[in-house]
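Novice: There's a structure below that I have some questions on.
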Amino acid sequence: MTKPMTMSQKILAYHAGKEYVEPGDLIFANVDLVLGNDVTTPVAIKEFEKIGIDRVFDKDKIAIVPDHFTPNKDIKSAQQCKMVREFAKKYEITNYFEVGEMGIEHALLPEKGLVVPGDLVIGADSHTCTYGALGAFSTGIGSTDMACAMATGKCWFKVPEAIKFILYGKKTGWTSGKDIILHIIGMIGVDGALYKSMEYTGEGLKSLSMDDRFTIANMAIEAGAKNGIFEVDEKTIEYVKQHSTKPYKIFKADEDAEYSQVFEIDISKIRPTVAFPHLPENTKTIDEITEKIYIDQVVIGSCTNGRIEDLRIAAKILKGRKVKKGLRCIIFPATQNIYKQALKEGFIEIFIDAGCVVSTPTCGPCLGGHMGILADGEKALATTNRNFVGRMGHPNSEVYLSSPAIAAASAVLGYIGSPEELGMKGDEE
């Protein structure tokens, strides 16, 4: 009889062909998907070519998504994308997504059904942890490991300890998944889950949509975590059946599995939360912000909050209102399909009428890449995941993080505020 294991331990053990793994074990495991983007894949390609083989391990289990500097922002990014494009063509990579069919990688892969419960996914991007929302073990790696995995289908792992988050209660008002994860990071700190698995369970999951869960899992790395993972429930299965035909395997933590820490969180008590510069742990609830913080730019989108539910909330708030004069509001649907759905539901017209600019799917300003760089001294409120010094532009600029609801309301107000200041209650239709 094996010892009790957490969700992450079970997935790693299964893919390593072992009955049991424990925290600290170094293992080699078979991966179900290897992911890269236009920034990390060129380095991986160079390393892959040094190996001297003429094929990848499985052309169906590699996904390459140019999303960071696309559409090409300059000659260097154009050259990188060309290299990636040629590699994908040479090795007949099935899941290469060109401009026009692409999206931000961590929104695109679940939408395309490429990740299902029980999968082991690695990606040369730190926010690969997003897929834990589906009950998969997913984590970021470097380009060298990506190269080796493309060649062998394997990667090495150090089995992480786990922190258990038991969620109960229901979301209230304008609170969203973004507020829950900002609350958690504010509570444990940016290194509070260092190299650990953040595992979510409890009856509070019923109150969280899949988009909420993607947001929460996405920001596990902002707490230093190896991965974030949700217990699979009916909502997970419904989502997977809508998007994928791949077989899946559900791994449930044993009742007596060991955790380094256990937190019980009543999500009904969490209020809309804002992370102040220059760390995601510098959080205040909207009620604790006593001064008016005037902002120059609002960004709604990214792999954290660019999904249809996020745009729906933003449109609800911006409908019939105008962006404050002198403020820039940029909206990035996370994928082409999300863009199409937003068009169908009339959101794009609402955004344009409000004075926003709507962009093609791209990581763009989140990493200070393009499409909305901040100047010296400017302040931005963004639904992205990081607010480090210089993250979105000039080293003297400042980035605040929030949910789409707070971001949209702030775009109208001109300062960081809530939809409640516009006379809107969270349960309004």
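Each residue, glycine too, has its Cβ placed from N, Cα and C.
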Novice: Of the candidates Cys148, Cys155, Cys303, which one does Swiss-Prot list alongside Cys363, Cys366 as binding [4Fe-4S] cluster?
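Specialist: Looking at Cys148, Cys155, Cys303, the one Swiss-Prot places in the [4Fe-4S] cluster site next to Cys363, Cys366 is Cys303.
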Novice: Name, in the order they occur in the sequence, the residues of the same chain whose CB lies under 8 A from the CB of Cys366 ([4Fe-4S] cluster binding site) and which sit 6 or more residues away.
Specialist: Val299, Gly301, Ser302, Cys303, Ala382, Thr384, Asn385, Arg386, Arg391, Met392
Novice: Please list, in sequence order, every residue of the chain apart from Cys303, Cys363, Cys366 whose Cβ lies within 8 Å of the Cβ centroid of the [4Fe-4S] cluster site.
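Specialist: Sorted by sequence, the hits are Asp67, His68, Ile104, His127, Gly301, Ser302, Thr304, Gly306, Thr362, Gly364, Leu367, Thr384, Asn385.
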